[in-house]
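These notes concern the structure reproduced below.
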Amino acid sequence: MGSVARLKGCLGANVYTEVPDGGWGWVIALAFFFVEVFTYGIIKSFGIFFQDLMIHFNESNSRVSWIISICVFVMTFTAPLSSVSSTRFGHRPVVMVGGALISLGMISSAFVNSVEQMYITVGVVSGLGYCFAFLPTVTILSQYFQKRRSLVTAIASTGECFSVFVFAPAFTALKDYSGWRCCLIVMGVLQSTVILCGALLRPIVIQNKQEVVHKTPIKQIETKYMLDNEQTRTSIDSVDSGVQSLSTSCTNIAGCSKEEEVEMEKKEEETGMLSGASVEKEEPSTPPLRNKLLGFSVLKDCSFICYALFGLFAALGFFAPQLYVIPLSISLGIGKDRAAYVLSAMAVAEIFGRISMGWVLNKNPIRKIYIELICVLLLCLVLVVFPFVYEFWGLMVCCMLYGFMLGTVAASHIPMLAEDDVVGIEKMPSAVGVYIFIQSFAGLAGPPLGGFLVDLTQDYGAAFYSCAAGMGMGALFLALVRPAKTGLCNRRKKQQQSSKAPSCENITQDNKIVVEVPDDFLDVDMVAEESLSKSKSGDRAARARSI
(Lines of atoms letter the chains of each structure in order from A and count residues from 1; the text may use other names and numbers.)
(Lines give C-alpha, C1' and ligand atoms only; values in the text may rest on other atoms or scores of the structure.)
Protein backbone atom coordinates (compact mmCIF):
# COMPACT_ATOMS: atom_id res chain seq x y z
CA MET A 1 0.00 0.00 0.00
CA GLY A 2 2.85 2.36 0.75
CA SER A 3 4.42 1.85 -2.68
CA VAL A 4 1.04 2.41 -4.36
CA ALA A 5 0.60 5.66 -2.46
CA ARG A 6 4.08 6.79 -3.44
CA LEU A 7 3.37 5.93 -7.06
CA LYS A 8 0.16 7.96 -7.00
CA GLY A 9 2.05 10.84 -5.44
CA CYS A 10 4.75 10.73 -8.11
CA LEU A 11 2.29 10.51 -11.00
CA GLY A 12 -0.47 12.69 -9.55
CA ALA A 13 -1.27 16.24 -10.47
CA ASN A 14 1.21 19.03 -9.74
CA VAL A 15 -0.36 21.95 -7.88
CA TYR A 16 1.23 25.39 -8.23
CA THR A 17 0.15 28.90 -7.34
CA GLU A 18 1.68 30.17 -10.59
CA VAL A 19 3.19 28.78 -13.79
CA PRO A 20 6.41 27.05 -12.61
CA ASP A 21 8.57 27.66 -15.74
CA GLY A 22 10.47 24.50 -14.83
CA GLY A 23 10.12 21.76 -12.25
CA TRP A 24 8.34 18.75 -13.73
CA GLY A 25 8.05 20.79 -16.92
CA TRP A 26 11.56 19.69 -17.89
CA VAL A 27 10.42 16.07 -17.83
CA ILE A 28 7.47 17.06 -20.03
CA ALA A 29 9.90 18.75 -22.43
CA LEU A 30 12.02 15.59 -22.65
CA ALA A 31 8.88 13.52 -23.28
CA PHE A 32 7.83 15.93 -26.04
CA PHE A 33 11.28 15.59 -27.63
CA PHE A 34 10.87 11.82 -27.99
CA VAL A 35 7.26 12.21 -29.12
CA GLU A 36 8.57 14.43 -31.93
CA VAL A 37 11.22 11.81 -32.76
CA PHE A 38 8.67 9.02 -33.20
CA THR A 39 5.88 11.03 -34.86
CA TYR A 40 6.98 13.73 -37.31
CA GLY A 41 10.48 12.28 -37.49
CA ILE A 42 9.21 8.89 -38.66
CA ILE A 43 6.80 10.52 -41.13
CA LYS A 44 9.64 12.49 -42.72
CA SER A 45 11.89 9.41 -42.80
CA PHE A 46 9.29 7.10 -44.32
CA GLY A 47 10.39 8.04 -47.82
CA ILE A 48 13.27 5.56 -47.59
CA PHE A 49 10.73 2.75 -48.14
CA PHE A 50 9.16 4.22 -51.29
CA GLN A 51 11.40 2.43 -53.81
CA ASP A 52 11.04 -0.93 -52.04
CA LEU A 53 7.26 -0.62 -51.86
CA MET A 54 7.03 0.37 -55.54
CA ILE A 55 9.08 -2.65 -56.60
CA HIS A 56 7.43 -5.15 -54.24
CA PHE A 57 3.81 -4.17 -54.97
CA ASN A 58 4.45 -3.01 -58.55
CA GLU A 59 2.86 0.37 -57.88
CA SER A 60 3.51 3.87 -59.13
CA ASN A 61 5.18 6.61 -57.11
CA SER A 62 1.96 8.59 -56.75
CA ARG A 63 0.02 5.64 -55.30
CA VAL A 64 2.76 4.89 -52.79
CA SER A 65 3.02 8.56 -51.82
CA TRP A 66 -0.65 8.51 -50.81
CA ILE A 67 0.38 6.49 -47.73
CA ILE A 68 1.99 9.55 -46.14
CA SER A 69 -0.65 11.92 -47.53
CA ILE A 70 -3.44 9.93 -45.85
CA CYS A 71 -1.40 9.67 -42.66
CA VAL A 72 -0.84 13.42 -42.48
CA PHE A 73 -4.49 14.12 -43.31
CA VAL A 74 -5.80 11.76 -40.60
CA MET A 75 -3.29 13.17 -38.14
CA THR A 76 -4.49 16.74 -38.67
CA PHE A 77 -8.16 16.08 -39.48
CA THR A 78 -8.77 14.26 -36.18
CA ALA A 79 -7.20 17.05 -34.11
CA PRO A 80 -10.60 18.09 -32.63
CA LEU A 81 -11.12 14.50 -31.49
CA SER A 82 -7.76 14.65 -29.73
CA SER A 83 -8.75 17.92 -28.01
CA VAL A 84 -12.09 16.48 -26.89
CA SER A 85 -10.45 13.31 -25.56
CA SER A 86 -7.74 15.26 -23.69
CA THR A 87 -10.32 17.52 -22.07
CA ARG A 88 -12.55 14.62 -21.11
CA PHE A 89 -10.04 11.96 -20.04
CA GLY A 90 -6.79 13.91 -19.51
CA HIS A 91 -3.58 14.21 -21.53
CA ARG A 92 -1.83 11.13 -20.11
CA PRO A 93 -4.27 8.36 -21.18
CA VAL A 94 -4.80 9.93 -24.60
CA VAL A 95 -1.06 10.02 -25.36
CA MET A 96 -0.61 6.45 -24.12
CA VAL A 97 -3.44 5.25 -26.37
CA GLY A 98 -1.86 7.18 -29.22
CA GLY A 99 1.48 5.46 -28.67
CA ALA A 100 -0.23 2.06 -28.72
CA LEU A 101 -2.00 2.92 -32.02
CA ILE A 102 1.25 4.13 -33.61
CA SER A 103 3.09 0.95 -32.69
CA LEU A 104 0.19 -1.27 -33.73
CA GLY A 105 -0.21 0.39 -37.11
CA MET A 106 3.49 0.29 -37.96
CA ILE A 107 4.01 -3.33 -36.88
CA SER A 108 0.87 -4.52 -38.71
CA SER A 109 2.05 -2.77 -41.89
CA ALA A 110 4.93 -5.26 -42.05
CA PHE A 111 2.40 -8.03 -42.82
CA VAL A 112 0.31 -6.31 -45.53
CA ASN A 113 -0.10 -7.68 -49.04
CA SER A 114 -1.05 -4.47 -50.89
CA VAL A 115 -0.65 -0.73 -50.81
CA GLU A 116 -4.35 -0.32 -50.05
CA GLN A 117 -3.89 -2.24 -46.80
CA MET A 118 -1.02 0.05 -45.90
CA TYR A 119 -3.36 2.99 -46.42
CA ILE A 120 -5.28 1.63 -43.42
CA THR A 121 -2.41 0.48 -41.20
CA VAL A 122 -0.03 3.41 -41.63
CA GLY A 123 -2.45 6.01 -42.98
CA VAL A 124 -5.45 5.60 -40.65
CA VAL A 125 -4.29 3.67 -37.56
CA SER A 126 -0.84 5.22 -37.14
CA GLY A 127 -2.14 8.61 -38.34
CA LEU A 128 -4.76 8.63 -35.58
CA GLY A 129 -2.09 7.61 -33.08
CA TYR A 130 0.17 10.45 -34.21
CA CYS A 131 -2.63 12.91 -33.53
CA PHE A 132 -3.36 11.50 -30.07
CA ALA A 133 0.33 11.57 -29.16
CA PHE A 134 1.44 14.95 -30.49
CA LEU A 135 -1.29 17.50 -29.69
CA PRO A 136 -1.85 16.73 -25.97
CA THR A 137 1.92 16.72 -25.36
CA VAL A 138 2.54 20.13 -26.91
CA THR A 139 -0.52 21.50 -25.10
CA ILE A 140 0.52 20.40 -21.60
CA LEU A 141 4.09 21.57 -22.27
CA SER A 142 2.78 25.08 -22.92
CA GLN A 143 0.94 24.98 -19.58
CA TYR A 144 4.15 24.23 -17.62
CA PHE A 145 6.05 27.21 -19.06
CA GLN A 146 5.29 30.87 -19.51
CA LYS A 147 8.45 32.99 -19.73
CA ARG A 148 10.54 30.20 -21.28
CA ARG A 149 7.69 28.68 -23.28
CA SER A 150 8.98 29.64 -26.72
CA LEU A 151 12.57 28.56 -26.07
CA VAL A 152 11.69 25.24 -24.41
CA THR A 153 9.11 24.33 -27.08
CA ALA A 154 11.56 25.17 -29.86
CA ILE A 155 14.35 23.05 -28.36
CA ALA A 156 12.04 20.11 -27.63
CA SER A 157 10.58 20.23 -31.15
CA THR A 158 14.01 19.54 -32.67
CA GLY A 159 13.33 15.86 -32.05
CA GLU A 160 11.96 15.39 -35.55
CA CYS A 161 15.11 16.93 -37.05
CA PHE A 162 17.36 14.59 -35.06
CA SER A 163 15.14 11.72 -36.16
CA VAL A 164 15.61 12.56 -39.84
CA PHE A 165 19.33 13.04 -39.35
CA VAL A 166 19.91 9.80 -37.38
CA PHE A 167 17.11 7.37 -38.21
CA ALA A 168 17.08 7.86 -41.98
CA PRO A 169 20.59 6.41 -42.54
CA ALA A 170 20.18 3.87 -39.72
CA PHE A 171 16.91 2.48 -41.05
CA THR A 172 18.33 2.48 -44.57
CA ALA A 173 21.20 0.26 -43.44
CA LEU A 174 18.80 -2.00 -41.51
CA LYS A 175 16.49 -2.23 -44.52
CA ASP A 176 19.35 -3.26 -46.81
CA TYR A 177 20.46 -5.89 -44.29
CA SER A 178 17.16 -7.50 -43.21
CA GLY A 179 14.48 -6.19 -45.59
CA TRP A 180 11.79 -3.55 -45.31
CA ARG A 181 9.31 -5.73 -43.41
CA CYS A 182 11.73 -6.41 -40.55
CA CYS A 183 12.68 -2.75 -40.53
CA LEU A 184 9.03 -1.73 -40.08
CA ILE A 185 8.69 -4.10 -37.11
CA VAL A 186 11.75 -2.59 -35.43
CA MET A 187 10.40 0.88 -36.12
CA GLY A 188 7.04 -0.02 -34.58
CA VAL A 189 8.68 -1.44 -31.45
CA LEU A 190 10.72 1.73 -31.01
CA GLN A 191 7.58 3.84 -31.42
CA SER A 192 6.05 2.14 -28.39
CA THR A 193 8.32 4.49 -26.40
CA VAL A 194 5.56 7.05 -26.84
CA ILE A 195 3.50 5.08 -24.28
CA LEU A 196 6.19 5.70 -21.66
CA CYS A 197 6.35 9.37 -22.65
CA GLY A 198 2.59 9.64 -22.12
CA ALA A 199 2.89 8.13 -18.63
CA LEU A 200 5.19 11.02 -17.65
CA LEU A 201 2.61 13.70 -18.45
CA ARG A 202 1.53 14.72 -14.96
CA PRO A 203 -1.43 17.13 -15.00
CA ILE A 204 -0.83 20.66 -13.75
CA VAL A 205 -3.21 22.62 -11.53
CA ILE A 206 -2.70 26.36 -11.09
CA GLN A 207 -4.31 27.34 -7.77
CA ASN A 208 -5.65 30.87 -7.83
CA LYS A 209 -4.13 33.07 -5.13
CA GLN A 210 -7.44 34.92 -4.73
CA GLU A 211 -9.01 31.70 -3.47
CA VAL A 212 -6.32 31.45 -0.77
CA VAL A 213 -6.76 34.99 0.53
CA HIS A 214 -10.48 35.14 -0.18
CA LYS A 215 -11.42 34.42 3.45
CA THR A 216 -9.24 37.18 4.91
CA PRO A 217 -11.28 40.21 3.84
CA ILE A 218 -14.51 38.63 5.16
CA LYS A 219 -12.94 37.89 8.56
CA GLN A 220 -11.50 41.38 8.72
CA ILE A 221 -14.92 42.85 8.01
CA GLU A 222 -16.53 40.69 10.71
CA THR A 223 -13.82 41.61 13.24
CA LYS A 224 -14.20 45.30 12.45
CA TYR A 225 -17.96 45.07 12.81
CA MET A 226 -17.63 43.34 16.20
CA LEU A 227 -15.15 45.95 17.43
CA ASP A 228 -17.48 48.70 16.35
CA ASN A 229 -20.27 46.89 18.13
CA GLU A 230 -18.23 46.69 21.35
CA GLN A 231 -17.37 50.37 21.13
CA THR A 232 -21.04 51.11 20.71
CA ARG A 233 -21.86 49.14 23.86
CA THR A 234 -19.32 51.07 25.95
CA SER A 235 -20.39 54.47 24.69
CA ILE A 236 -24.12 53.91 24.61
CA ASP A 237 -24.73 55.77 27.89
CA SER A 238 -23.54 59.00 26.34
CA VAL A 239 -25.95 61.08 24.31
CA ASP A 240 -23.71 61.51 21.22
CA SER A 241 -23.35 57.81 20.40
CA GLY A 242 -24.16 57.16 16.76
CA VAL A 243 -24.81 53.59 15.69
CA GLN A 244 -26.11 51.16 18.30
CA SER A 245 -26.67 47.45 18.25
CA LEU A 246 -30.05 45.90 18.97
CA SER A 247 -28.77 44.16 22.09
CA THR A 248 -27.33 47.34 23.62
CA SER A 249 -30.41 49.37 22.76
CA CYS A 250 -32.50 46.74 24.49
CA THR A 251 -30.22 46.63 27.56
CA ASN A 252 -29.47 50.29 28.17
CA ILE A 253 -32.39 52.13 26.59
CA ALA A 254 -35.52 50.04 26.42
CA GLY A 255 -34.94 48.77 29.92
CA CYS A 256 -35.13 45.04 29.28
CA SER A 257 -34.85 42.54 32.09
CA LYS A 258 -31.70 40.59 32.81
CA GLU A 259 -33.19 37.33 31.54
CA GLU A 260 -34.12 38.95 28.21
CA GLU A 261 -30.66 40.47 28.07
CA VAL A 262 -28.97 37.07 28.47
CA GLU A 263 -31.26 35.52 25.84
CA MET A 264 -30.47 38.29 23.37
CA GLU A 265 -26.73 37.84 23.86
CA LYS A 266 -27.03 34.07 23.30
CA LYS A 267 -29.00 34.63 20.11
CA GLU A 268 -26.44 37.12 18.90
CA GLU A 269 -23.57 34.68 19.50
CA GLU A 270 -25.46 31.87 17.75
CA THR A 271 -26.21 34.02 14.70
CA GLY A 272 -22.58 35.10 14.52
CA MET A 273 -21.37 31.50 14.64
CA LEU A 274 -23.89 30.46 11.98
CA SER A 275 -22.92 33.32 9.71
CA GLY A 276 -19.24 32.44 10.03
CA ALA A 277 -19.94 28.79 9.28
CA SER A 278 -22.04 29.69 6.26
CA VAL A 279 -19.22 31.81 4.89
CA GLU A 280 -16.73 28.98 5.29
CA LYS A 281 -19.11 26.54 3.60
CA GLU A 282 -20.02 28.77 0.70
CA GLU A 283 -16.46 29.62 -0.31
CA PRO A 284 -15.15 26.15 -1.19
CA SER A 285 -18.48 25.23 -2.78
CA THR A 286 -17.61 27.26 -5.87
CA PRO A 287 -16.47 24.66 -8.39
CA PRO A 288 -13.32 25.32 -10.44
CA LEU A 289 -13.75 26.43 -14.00
CA ARG A 290 -13.56 23.64 -16.54
CA ASN A 291 -12.90 23.96 -20.23
CA LYS A 292 -15.55 22.86 -22.67
CA LEU A 293 -14.95 19.62 -24.50
CA LEU A 294 -14.41 21.37 -27.80
CA GLY A 295 -14.45 25.15 -27.88
CA PHE A 296 -15.67 26.05 -31.34
CA SER A 297 -16.39 29.43 -29.76
CA VAL A 298 -12.85 30.40 -30.80
CA LEU A 299 -14.24 30.72 -34.31
CA LYS A 300 -16.03 33.85 -33.09
CA ASP A 301 -12.64 35.45 -32.43
CA CYS A 302 -11.52 37.47 -35.45
CA SER A 303 -7.86 37.10 -34.58
CA PHE A 304 -8.13 33.30 -34.43
CA ILE A 305 -9.92 33.19 -37.79
CA CYS A 306 -7.09 35.15 -39.39
CA TYR A 307 -4.50 32.93 -37.73
CA ALA A 308 -6.31 29.75 -38.84
CA LEU A 309 -6.37 31.01 -42.42
CA PHE A 310 -2.64 31.67 -42.12
CA GLY A 311 -2.12 28.05 -41.06
CA LEU A 312 -4.33 26.82 -43.90
CA PHE A 313 -2.31 28.50 -46.66
CA ALA A 314 1.09 28.16 -45.00
CA ALA A 315 0.64 24.38 -44.74
CA LEU A 316 1.09 24.25 -48.53
CA GLY A 317 4.76 25.05 -47.96
CA PHE A 318 5.38 22.71 -45.02
CA PHE A 319 5.45 19.29 -46.69
CA ALA A 320 5.59 19.67 -50.49
CA PRO A 321 9.10 21.20 -50.85
CA GLN A 322 10.75 18.30 -49.01
CA LEU A 323 9.09 15.85 -51.40
CA TYR A 324 10.30 17.64 -54.54
CA VAL A 325 13.83 18.64 -53.52
CA ILE A 326 15.29 15.26 -54.55
CA PRO A 327 13.51 15.20 -57.96
CA LEU A 328 14.60 18.80 -58.53
CA SER A 329 18.22 17.97 -57.77
CA ILE A 330 18.13 14.92 -60.08
CA SER A 331 16.64 17.06 -62.87
CA LEU A 332 19.62 19.41 -62.46
CA GLY A 333 22.03 16.49 -63.06
CA ILE A 334 22.97 15.97 -59.42
CA GLY A 335 23.51 12.35 -58.37
CA LYS A 336 21.31 10.58 -55.83
CA ASP A 337 24.14 10.25 -53.32
CA ARG A 338 24.83 13.98 -53.32
CA ALA A 339 21.09 14.73 -53.28
CA ALA A 340 20.81 12.82 -49.99
CA TYR A 341 23.25 15.27 -48.42
CA VAL A 342 20.86 18.05 -49.36
CA LEU A 343 18.15 16.57 -47.12
CA SER A 344 20.63 16.08 -44.27
CA ALA A 345 21.74 19.70 -44.53
CA MET A 346 18.10 20.80 -44.50
CA ALA A 347 17.46 18.82 -41.30
CA VAL A 348 20.51 20.25 -39.51
CA ALA A 349 19.59 23.79 -40.55
CA GLU A 350 16.06 23.23 -39.26
CA ILE A 351 17.48 22.37 -35.83
CA PHE A 352 19.33 25.68 -35.67
CA GLY A 353 16.25 27.50 -36.94
CA ARG A 354 14.05 26.09 -34.19
CA ILE A 355 16.55 26.86 -31.42
CA SER A 356 17.22 30.36 -32.78
CA MET A 357 13.50 31.10 -32.97
CA GLY A 358 13.00 29.99 -29.39
CA TRP A 359 15.88 32.17 -28.20
CA VAL A 360 14.58 35.24 -30.06
CA LEU A 361 11.02 34.76 -28.82
CA ASN A 362 12.32 34.35 -25.28
CA LYS A 363 14.10 37.70 -25.54
CA ASN A 364 10.88 39.20 -26.92
CA PRO A 365 12.41 42.23 -28.67
CA ILE A 366 9.11 42.95 -30.42
CA ARG A 367 5.71 41.29 -30.41
CA LYS A 368 6.06 37.58 -31.11
CA ILE A 369 3.41 37.68 -33.81
CA TYR A 370 5.55 40.15 -35.77
CA ILE A 371 8.66 37.96 -35.42
CA GLU A 372 6.74 35.05 -36.90
CA LEU A 373 5.50 37.27 -39.73
CA ILE A 374 9.07 38.24 -40.66
CA CYS A 375 10.10 34.56 -40.73
CA VAL A 376 7.14 33.64 -42.95
CA LEU A 377 8.02 36.38 -45.43
CA LEU A 378 11.65 35.22 -45.59
CA LEU A 379 10.51 31.61 -46.07
CA CYS A 380 8.32 32.73 -48.95
CA LEU A 381 11.30 34.49 -50.52
CA VAL A 382 13.47 31.35 -50.27
CA LEU A 383 10.79 29.27 -52.00
CA VAL A 384 10.75 31.71 -54.90
CA VAL A 385 14.55 31.42 -55.31
CA PHE A 386 14.54 27.58 -55.62
CA PRO A 387 13.61 27.39 -59.35
CA PHE A 388 16.49 29.75 -60.28
CA VAL A 389 19.21 27.39 -58.94
CA TYR A 390 21.21 25.36 -61.52
CA GLU A 391 24.05 23.67 -59.57
CA PHE A 392 24.71 21.64 -56.42
CA TRP A 393 26.10 24.27 -54.06
CA GLY A 394 23.39 26.76 -54.93
CA LEU A 395 20.79 24.10 -54.17
CA MET A 396 22.61 23.28 -50.92
CA VAL A 397 22.48 26.94 -49.82
CA CYS A 398 18.79 27.21 -50.69
CA CYS A 399 18.01 24.01 -48.79
CA MET A 400 19.87 25.21 -45.73
CA LEU A 401 18.07 28.57 -45.84
CA TYR A 402 14.75 26.81 -46.34
CA GLY A 403 15.44 24.42 -43.45
CA PHE A 404 16.44 27.28 -41.15
CA MET A 405 13.37 29.40 -41.96
CA LEU A 406 11.07 26.37 -41.85
CA GLY A 407 12.42 25.61 -38.37
CA THR A 408 11.58 29.12 -37.19
CA VAL A 409 7.98 28.89 -38.43
CA ALA A 410 7.44 25.28 -37.36
CA ALA A 411 8.68 26.03 -33.83
CA SER A 412 6.35 28.98 -33.34
CA HIS A 413 3.10 28.56 -35.26
CA ILE A 414 1.40 26.21 -32.72
CA PRO A 415 2.80 27.72 -29.46
CA MET A 416 1.77 31.14 -30.80
CA LEU A 417 -1.84 30.16 -30.07
CA ALA A 418 -1.04 30.52 -26.35
CA GLU A 419 -0.18 34.21 -26.80
CA ASP A 420 -2.77 36.86 -26.01
CA ASP A 421 -2.51 38.22 -29.55
CA VAL A 422 -4.27 35.05 -30.78
CA VAL A 423 -6.43 33.23 -28.18
CA GLY A 424 -4.37 32.94 -24.97
CA ILE A 425 -3.31 30.01 -22.81
CA GLU A 426 -6.81 29.36 -21.40
CA LYS A 427 -8.36 28.64 -24.81
CA MET A 428 -5.33 26.91 -26.30
CA PRO A 429 -6.42 23.28 -25.58
CA SER A 430 -9.53 23.68 -27.74
CA ALA A 431 -8.05 26.19 -30.21
CA VAL A 432 -5.13 23.95 -31.18
CA GLY A 433 -7.52 21.18 -32.22
CA VAL A 434 -9.56 23.48 -34.45
CA TYR A 435 -6.38 25.04 -35.86
CA ILE A 436 -4.81 21.71 -36.85
CA PHE A 437 -8.17 20.52 -38.21
CA ILE A 438 -8.27 23.49 -40.58
CA GLN A 439 -4.67 22.81 -41.61
CA SER A 440 -5.50 19.22 -42.57
CA PHE A 441 -7.09 20.18 -45.88
CA ALA A 442 -3.98 22.02 -47.05
CA GLY A 443 -1.76 19.17 -45.86
CA LEU A 444 -3.77 16.75 -47.99
CA ALA A 445 -3.98 19.01 -51.04
CA GLY A 446 -0.41 20.36 -51.00
CA PRO A 447 1.58 17.42 -52.46
CA PRO A 448 -1.04 16.50 -55.11
CA LEU A 449 -1.32 20.14 -56.18
CA GLY A 450 2.44 20.37 -56.62
CA GLY A 451 2.45 17.12 -58.59
CA PHE A 452 -0.35 18.34 -60.84
CA LEU A 453 1.56 21.54 -61.66
CA VAL A 454 4.73 19.55 -62.34
CA ASP A 455 2.86 17.25 -64.75
CA LEU A 456 1.25 20.26 -66.40
CA THR A 457 4.41 22.34 -66.87
CA GLN A 458 7.05 19.57 -66.91
CA ASP A 459 9.05 21.71 -64.49
CA TYR A 460 9.67 20.97 -60.83
CA GLY A 461 9.99 24.68 -60.17
CA ALA A 462 6.20 25.00 -60.48
CA ALA A 463 5.75 23.06 -57.24
CA PHE A 464 7.92 25.58 -55.40
CA TYR A 465 5.98 28.48 -56.93
CA SER A 466 2.71 27.01 -55.63
CA CYS A 467 4.24 26.65 -52.15
CA ALA A 468 5.49 30.25 -52.28
CA ALA A 469 2.03 31.48 -53.32
CA GLY A 470 0.41 29.67 -50.40
CA MET A 471 3.01 30.99 -47.98
CA GLY A 472 2.45 34.52 -49.29
CA MET A 473 -1.31 34.26 -48.70
CA GLY A 474 -0.57 32.95 -45.23
CA ALA A 475 1.65 35.95 -44.51
CA LEU A 476 -1.20 38.26 -45.52
CA PHE A 477 -3.61 36.73 -43.02
CA LEU A 478 -0.90 36.58 -40.35
CA ALA A 479 -0.41 40.33 -40.72
CA LEU A 480 -4.13 40.81 -39.97
CA VAL A 481 -4.08 38.90 -36.66
CA ARG A 482 -2.91 41.76 -34.46
CA PRO A 483 -5.19 44.44 -36.03
CA ALA A 484 -8.15 42.07 -35.68
CA LYS A 485 -7.35 41.56 -32.00
CA THR A 486 -6.86 45.22 -31.11
CA GLY A 487 -9.48 46.67 -33.43
CA LEU A 488 -12.60 44.60 -33.96
CA CYS A 489 -12.48 42.69 -30.69
CA ASN A 490 -11.99 45.79 -28.54
CA ARG A 491 -14.87 47.53 -30.29
CA ARG A 492 -17.18 44.66 -29.46
CA LYS A 493 -16.07 44.66 -25.82
CA LYS A 494 -16.66 48.40 -25.53
CA GLN A 495 -20.11 48.05 -27.04
CA GLN A 496 -20.97 45.26 -24.60
CA GLN A 497 -19.68 47.27 -21.64
CA SER A 498 -21.57 50.39 -22.71
CA SER A 499 -24.81 48.41 -23.11
CA LYS A 500 -24.63 47.27 -19.47
CA ALA A 501 -25.86 49.77 -16.86
CA PRO A 502 -23.23 50.65 -14.27
CA SER A 503 -23.92 49.33 -10.79
CA CYS A 504 -22.41 51.66 -8.18
CA GLU A 505 -23.09 52.29 -4.56
CA ASN A 506 -23.09 56.04 -5.07
CA ILE A 507 -25.76 57.17 -7.57
CA THR A 508 -26.07 60.75 -8.78
CA GLN A 509 -29.52 62.25 -9.16
CA ASP A 510 -30.00 65.87 -10.18
CA ASN A 511 -26.33 66.63 -9.54
CA LYS A 512 -26.67 65.31 -5.99
CA ILE A 513 -24.85 62.32 -4.61
CA VAL A 514 -27.10 59.83 -2.88
CA VAL A 515 -25.24 57.29 -0.77
CA GLU A 516 -26.94 53.91 -0.39
CA VAL A 517 -26.90 52.82 3.25
CA PRO A 518 -28.01 49.39 4.48
CA ASP A 519 -31.53 49.33 5.86
CA ASP A 520 -30.55 47.62 9.09
CA PHE A 521 -28.34 50.53 10.13
CA LEU A 522 -31.15 52.98 9.43
CA ASP A 523 -33.57 50.90 11.47
CA VAL A 524 -31.14 50.68 14.37
CA ASP A 525 -30.54 54.43 14.34
CA MET A 526 -34.29 55.13 14.30
CA VAL A 527 -34.87 52.74 17.22
CA ALA A 528 -31.98 54.30 19.10
CA GLU A 529 -33.24 57.87 18.56
CA GLU A 530 -36.80 56.95 19.55
CA SER A 531 -35.61 55.19 22.69
CA LEU A 532 -33.38 58.12 23.63
CA SER A 533 -36.23 60.58 23.15
CA LYS A 534 -38.51 58.37 25.25
CA SER A 535 -35.93 58.13 28.01
CA LYS A 536 -35.41 61.91 28.03
CA SER A 537 -39.14 62.58 28.17
CA GLY A 538 -39.47 60.02 30.98
CA ASP A 539 -36.70 61.76 33.00
CA ARG A 540 -38.36 65.14 32.53
CA ALA A 541 -41.70 63.76 33.66
CA ALA A 542 -40.10 62.20 36.76
CA ARG A 543 -38.41 65.48 37.65
CA ALA A 544 -41.64 67.38 37.18
CA ARG A 545 -43.49 65.00 39.49
CA SER A 546 -40.80 65.29 42.14
CA ILE A 547 -41.01 69.06 42.01
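Quick reminder: no glycine exception, Cβ is built from N, Cα and C everywhere.
According to TrEMBL, the feature transmembrane segment maps to 24-43, 63-82, 94-112, 118-139, 151-172, 178-201, 304-326, 338-357, 369-386, 392-411, 432-454, 460-481. Residues annotated as domain 'Major facilitator superfamily (MFS) profile' in TrEMBL: 25-486. Annotated region 'Disordered' per TrEMBL: 265-284, in sequence order.
Within the chain carrying the transmembrane segment (369-386), a Cβ under 8 angstroms from the stretch's Cβ atoms is held by residues 310, 314, 317, 321, 328, 357, 360-361, 398, 401-402, 405-406, 408-409, 412-413, 416, 419, 421-422, 461, 464-465, 467-468, 471-472, 474-475, 478-479, 481-482, all 6 or more beyond its ends.
Contact between the transmembrane segment (94-112) and the transmembrane segment (178-201) is supported by 3 or more Cβ pairs under 8 Å, counting only residues 6 or more apart in sequence. Sequence-distant contacts of the transmembrane segment (432-454) (same chain, at least 6 residues past either end, Cβ-Cβ under 8 Å): 62, 65, 69, 72-73, 75-84, 131, 135, 138-139, 294-296, 298-299, 304, 307-309, 311-320, 323-324, 414, 417, 460, 462-463, 465-467, 470. Against the transmembrane segment (24-43), the recorded stretches 63-82, 178-201, 304-326, 338-357 differ in Cβ pairs under 8 Å, and the greatest number is found for 178-201. Contact counts against the transmembrane segment (338-357), taken as Cβ pairs under 8 Å, peak for 392-411 among the stretches 304-326, 392-411, 460-481. Within its own chain, the transmembrane segment (392-411) has Cβ neighbours under 8 Å at 150, 153-154, 157-158, 161, 314, 318, 321, 325, 328-329, 332, 334, 338, 341-343, 345-358, 372, 375-376, 378-379, 382-383, 385-386, counting only residues six or more beyond its boundaries. Along the domain 'Major facilitator superfamily (MFS) profile' (25-486), the predicted structure has mean pLDDT 79.
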